[in-house]
Amino acid sequence: MIFGATGDLANRKLFPSLYRLFEKGNLSERFAVVGVARRPLSNEEFQENVKNSVQSAIKDSTRLDEFASHFYYHSHDVTDSSSYLALKSMAEDLDNTYGLEGNRIFYLAMAPEFFGTIAVHLKQDGLTETNGFKRLVIEKPFGHDLESAKELNSQIRHAFSEDEIYRIDHYLGKQMVQNIEVIRFANALFEPLWNNRHISNIQVTSSEVLGVEERGRYYEKSGALRDMVQNHMLQMVALLAMEPPIRLTTDEIRSEKVKVLRAMRPLEGDMVHEHFVRGQYGKGMLDGEQVPGYREEPMVDSESNTETFVAGRLTIDNFRWAGVPIYIRTGKRMAVKSTKIVIQFKDIPMNLYYETGQTVNPNLLIIHIQPDEGITLHLNAKKSGNQLEANQVKLNFSNKSGSGINTPEAYEKLLYDCMRGDATNFTHWDEVALSWSFVDKISEVWENHKAKNFPNYEAGTMGPEEADQLLAKEGFSWWPVADLDVDNC
Ligand code: NAP
């Protein structure tokens with residue numbers, strides 16, 4: 001059951017992802033999808049919508065009619081308690097028709113303020129009373145801070161146990177984010193070097209070219225810290241920094257990630273100003289066109305204090321990471337769209353090539369997450385010719401060119417995991433709570449100290465100068481993400 005089946009997420013992501021699963025044979029014939037939303041639609045109209053959204057995402061969709069015939073629509077206001085019973089009887093009929101054995105997934109693709117009400121009704125009206133499995137899939141944002149997240153959690157826990165709740169962080173569905181684990185734990189080469197003896201710093205960048213677009217109302221209340229850092233950025237850091245789990249099971253991996261979040265040094269008071277930088281975009285040029293500043297965007301306060309950029313230095317207080325800064329940055333209206341992780345290894349103890357006037361570049365391992373997917377390793381090797389000169393070489397793997405496999409959409413992977421009951425790539429409540437408690441302390445300081453210099457970066461740049469100073473004071477600088485692209489190597 002998809003609640004919010006006429007919305008943007010359902011149309012752009014969920015229907016095309018379900019179709020891909022269907023076409024690959026990962027979804028058997030024994031499935032039915034009930035779309036729930038307020039506007040009145042017949043089953044046929046809904047099926048037409050489903051076909052249209054699949055077609056606009058996938059060119060060669062040859063089994064559309066067959067696929068869409070599994071879709072049914074129920075017009076229903078989720079705040080109206082009287083119509084859950086009708087939904088229940090529809091679910092029971094479909095259960096019989098398709099032989100679903102009582103297995104039910106409830107996907108809440110709607111605003112979080114409805115999650116609690118829906119969960120309560122699903123239980124109260126008997127939709128969760130089933131002989132098969134019942135699972136709840138929910139979207140971010142999971143609360144606005146720790147308090148609201150706790151409240152939301154207690155509402156949904158009323159109807160679902162923790163292991164029945166699948167909190168989506170779509171970054172965790174991305175191939176290359178999942179690849180962090182494989183690169184680290186399936187190669188003898190990296191794990192022995194993965195510590196403060198050999199790594200000098202780690203940089204995680206997730207930059208967007210788009211501005212806030214029509215999401216001004218939501219973004220004004222959220223900002224980059226809550227929208228990106230609390231979930232996606234900290235999840236990537238947890239995967240990078242965790243200890244090898246004893247087994248690759250959901251519980252073991254989650255428990256190692258939780259340990260990283262617990263070891264992350266909390267920032268309070270002046271430490272926030274020292275370790276975190278916020279920014280807001282002003283007008284600027286992108287692709288030769290003038291774009292407005294954040295404060296000029298629709299539904300944004302003309303004196304808004306909301307950050308559209310965050311950079312920060314994270315410290316993980318454990319034996320492995322003591323002394324290694326982990327820098328993160330994310331923002332809107334930046335120069336390039338890129339999500340990348342750069343692991344910079346320490347310099348060699350002495351440069352034997354110094355006499356020839358050469359600097360030896362540090363070794364870098366770059367994990368390209370989006371839009372390009374791949375891994376690059378920067379090494380030094382001899383330049384061809386007579387002189388003994390070291391030259392930077394880049395060993396490159398691109399998912400596009402290398403494997404020749406079309407990377408599945410994150411939502412496709414996550415939906416499939418949920419159907420199979422694999423919660424590894426979803427966030428556990430403990431992770432959510434720890435990330436909020438880290439982020440809340442930063443927001444508290446920022447809310448009490450209005451940013452005086454907003455807007456402080458031009459649209460089309462890589463953020464405010466203070467973000468560069470954050471690294472410069474420790475002798476580092478951001479690796480220019482555009483130059484590191486797989487295609488540029
Ligand atoms: P949206 O386009 O505004 O869709 C909201 C859906 O909820 C519509 O189908 C709407 O249909 C339905 N709805 C609203 N009030 C309702 C009510 N009282 N009873 C029943 N149905 C109701 O939102 P969205 O962009 O799809 O986002 C959905 C959720 O996913 C949000 O939590 C969002 O933060 C999250 N999310 C979205 C994206 C994305 O790419 N869009 C990405 C990450 C997370 P009717 O008007 O017909 O009722």
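Glycine is treated like the rest: Cβ placed from N, Cα and C.
Automated prediction, rather than curation, is the source of TrEMBL annotations.
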Could you look at R38, R39, R104, R157 and say which one TrEMBL places alongside D77, V78, K140 in the NADP(+) site?
R38
Looking at substrate binding as recorded in TrEMBL, which candidate out of E147, E151, E208 goes with H170, K174, D227, K332, K337?
E208
Do you know which of the recorded positions R38, D77, V78, E208, H232, K332 end up with C-beta under 6 Å from ligand 1?
R38, D77, V78
Cα-proximity to H170 (substrate binding site), 10 Å cut-off, over binding-site residues D77, V78, K140:
K140
Would you please pick out, from the binding-site residues D77, D227, the one with the fewest other Cβ atoms within 10 Å of its Cβ?
D77
Restricting to the domain 'Glucose-6-phosphate dehydrogenase NAD-binding' (1-179), what is the model's mean pLDDT?
95
So if I draw a 10 Å sphere around the Cβ of K337 (substrate binding site), how many other Cβ atoms end up inside it?
14
Just jot down the residues in the same chain as V78 (NADP(+) binding site), at least 6 apart in sequence, with C-beta under 8 A of its C-beta; none if empty.
F3, V36, M110, F114, T117, I118, H121
Quick one: of the recorded positions K174, E208, D227, H232, which has its CA closest to the CA of R38 (NADP(+) binding site)?
D227
K174 (substrate binding site) CB neighbourhood, other CB atoms within 10 A:
24
